[in-house]
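For reference, the structure I am asking about is given below.
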Amino acid sequence: MGCFSSKVARQFPGHEDPVALASQTAFSVSEVEALFELYKSISSSVVDDGLISKEEFQLALFKNRKKENLFANRIFELFDVKHKGVIDFSDFVRSLNVFHPNASQEDKIDFSFKLYDLDNTGFIERQEVKQMLIALLCESEMKLADETVEIILDKTFLDADVNRDGKIDKSEWENFVCRNPSLLKIMTLPLLEGHHNNVSEFCF
């Protein structure tokens, strides 16, 4: 068993024992094992090095490695906990933990806030929401007139920016999401769909 574990660790940097990962996350041991099968598939899709590159992540998320997407890039940045430009298995599991139904609402809100806070300033600004909205519309192949996008932004900031300083802070975002829980649906990751039941069933 020890030999097998060390061989897996060499082949997949950042690999940890499923039991240990399950004890630190909302996943069961069988879910962690299913995630490892998914991870192996993604990490070998372009270069078989046991790590997930941005290109492989993009390919898994949107089945397209040629088209840059702000949404995919931003999630990759948040998953790349060690800031090495790649995702190892432990980062993969711990980052996906926030998508589990048993993860706390606070963690989900925190992750969604970081997703929109593109410049990492601790605030969500109008231009950041606009960039993310346009990226999501492009990915779903929906087109909205510029005027419609501006109306959506106006309404969002009217509802969320309580102190009217032109940006949304963490507390304002939390209150806004609590009033509009459908906003967390952005956190469904298509790469989890169609895989092992243990994995796919924790999508929103």
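Cβ from N, Cα, C; glycine included.
Pasting the relevant annotations from TrEMBL:
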- 67-102: domain 'EF-hand' (DOMAIN)
- 104-139: domain 'EF-hand' (DOMAIN)
- 148-183: domain 'EF-hand' (DOMAIN)
What are the DSSP helix, strand and coil residue counts for the domain 'EF-hand' (104-139)?
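Tallied per class, the domain 'EF-hand' (104-139) gives 26 helix, 2 strand, 8 coil.
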Taking every residue in the domain 'EF-hand' (104-139), what is their average pLDDT?
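Summarising the domain 'EF-hand' (104-139) by its mean pLDDT gives 92.
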